[in-house]
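**Student:** I have a structure here, written as structure tokens, and I will follow up with some questions on it.
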Amino acid sequence: MTRLTRFLRGAALMLALPLTLAVQARAETLTVAVAANFKKPAEEIGAAFKAKTGIEVKYAFGATGQFAAQIRNGAPFDVLLAADDTTAPSLAKDGFAVASSNFVYARGTLVLYSTTLPVKEQGEQILKKGDFAHLSIANPKTAPYGAAAIEAMKKMGLYDALKPKIVEGANIGQTFDFVATGNAQVGFVALSQGIGAGKGQWWIVPQADYAPIDQSAIVLKPGKDKADVKSYLDFLRGPEARKVIEKYGYTIPQ
């Protein structure tokens with residue numbers, strides 16, 4: 001190898017080094033707290049985002065109310081994807097999130113789900129008849145879909161009759177599992193969960209029976225200075241993510 005060749009190879013390596021370091025510097029992992037109803041679309045969106053940008057998204061799934069409590073106690077999440085549109089502004093008001101970053105990323109739909117009963121055609125009649133042992137709902141104190149289920153049952157005039165049959169899941173994910181495993185014959189869950197399961201059937205609860213479930217995203221204090229957080233939220237609002245969101249039965253309010 002000539003002296004000139006060695007010099008040129010060394011110069012090329014030196015030029016490549018800053019680029020390598022820049023790529024490594026951007027390869028930070030984002031930590032996102034996600035309402036359990038949005039699990040499957042979030043995972044698909046995260047995979048697509050990583051494929052496009054190389055940035056990995058680490059998700060935690062659970063009840064919005066539980067996440068809010070954890071965030072107030074210092075949990076190091078960068079972003080919250082809530083199951084309602086009140087938790088995010090409340091966190092921002094108290095200094096735990098960036099108010100200007102808040103936006104609605106999806107509107108959810110409440111359904112009555114079963115793997116054994118013909119709820120698709122007879123959902124309301126099955127509830128009125130009450131010929132089942134257990135009805136699962138998410139904890140209404142921490143999970144917006146649980147609160148919507150209570151509201152819908154009251155609107156239908158069935159809450160008092162059904163209350164003894166109710167079993168509560170800690171979040172909407174556990175609520176769905178109760179039905180999927182047969183521990184409850186029916187349950188109020190998110191439409192996205194039925195679509196994602198690929199089995200069972202569901203009855204779409206009339207929208208007039210509960211307040212719209214607008215789900216909002218917000219940047220939390222630990223993520224406010226991370227450039228990749230903005231990239232992720234821009235992607236979440238973009239056309240590729242929108243297709244995934246709509247595939248799972250959500251709408252996006254204009």
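Just so you know, glycine gets a Cβ as well, placed from its N, Cα and C.
Pasting the feature list from TrEMBL:
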- THR64, ILE172: molybdate binding site (BINDING)
- 1-27: signal peptide (SIGNAL)
**Student:** Return the residues near THR64 (molybdate binding site), defined as same-chain residues 6+ apart in sequence whose C-beta is under 8 angstroms from its C-beta, sorted by sequence, else 'none'.
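**Tutor:** The answer is ALA35, ALA82, ALA83, ASP84, THR87, THR142, ALA143, PRO144.
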**Student:** Report the same-chain neighbours of ILE172 (molybdate binding site): residues 6+ apart in sequence with Cβ closer than 8 Å to its Cβ, ordered by sequence.
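**Tutor:** Sequence-distant Cβ neighbours: ALA35, ALA36, ASN37, ALA63, ALA83, ALA138, ALA143, TYR145, GLY146, VAL189, ALA190, GLN193.
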